[in-house]
């Protein structure tokens, strides 16, 4: 048995999310079906994050175990060939020790959220960003974001469907910056709750539009109540961008 | 009558090009139909460039004449509302003197061509870039590109359907640079022949893949023969990015 670590890029638009579902196409199904077609083996894809329907990945990290020997680059090319035309590709493939686990060995995860902030609707970036027409105060957003940094009970920013044992997490970074008509939000933590990034971004947008004072963010956090949530941002603008492992640091 | 100068962004994928065609949807038709719905006037869209099917624009420049008075920002919002869901939007709208012409007043045009140069196929950028799996030597491409700079007969790089009076043009800039897995080509001239940028990029890709020596580019130019063309690059990677006008310099 060989454990292959995969770096995966996908457009979340046509998928029901990363994890296999009974109800529609998923990234996991596309990749496991391709692996079966190549190897004849029923493999299971394990991934650093579980992204929702419509959420994208620039560099998701996953692994599969295969009994037959394969040269990593050939396996990657074969998987990419079989997954066509689904918008998911393996961008890197390496062999890892059997105790390396894409999910359980992962010690850090990073997401990026892209808001296109201009009067005109989206064209080329449709489905790949959140369009907000009203001017956003990105500095107020960044200031409000800092009140979420550290160890907190993130119940307010957690989906009711979240399966995490505890709502207490440590948020390492939540930075908001402007690049022309784009407002980019970067979030980093050891792990996130279900919908946490989208919930935080939704509330930051409330601040950016002036519907919430900067201080409202800390109050929403302290409430530890999903009802205190201002808004859940759409999946379109969310990208899984990085997973960190001790052996790669 | 008021002349409105428009800055237009569009995803060329679903269009048969910018210019109105009898056979399918075009950017011009989408915009003229929207203007008619708003004003009741049959307007004609004049544009700095004529882009082909599948070619995109980040900042095409155009104009329309409207008899009824309109506040530019309201006209822009109304056009964007009516053009939905077509992937074309007006990103800026200003009033210009009657003798300002989007095409004839334009003294400079710039295109960008995006090549994604990596083994894995495209996902998020599908339809928005040219995917080339073999490693490209971008420095050789840049060197070859410089042999096209200046005043030349560009017959080799001209579509047989080109309607320009002369194949002689001055190419001001053709720069090739790498940004990670992306190879970006920037082209600037007062004006271009039909298919000129895609023809030049196709030949640069031949150089980048080592199928053409750097010197082959000058020979292809000197041949002044469409048969000397190596390859016409696909429209997917091409973006109209800038038009220059004397009154805006």
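Cβ atoms are placed via backbone N, Cα and C, with glycine included.
These figures come from a predicted structure and were not determined experimentally.
Quick look at what TrEMBL lists:
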| type | residues | note |
| --- | --- | --- |
| DOMAIN | A:10-104 | domain 'Pseudouridine synthase I TruA alpha/beta' |
| ACT_SITE | A:52 | active site, nucleophile |
| BINDING | A:111 | substrate binding site |
| DOMAIN | A:144-246 | domain 'Pseudouridine synthase I TruA alpha/beta' |
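For the domain 'Pseudouridine synthase I TruA alpha/beta' (A:144-246), residue counts in helix, strand and coil come to 34 helix, 31 strand, 38 coil, using DSSP. Mapped onto three states, the DSSP output places residue A:111 (substrate binding site) in strand. In the three-state DSSP scheme, residue A:52 (active site, nucleophile) is classed as coil. Assigned with DSSP, the residues of the domain 'Pseudouridine synthase I TruA alpha/beta' (A:10-104) fall into helix, strand and coil as follows: 25 helix, 23 strand, 47 coil.
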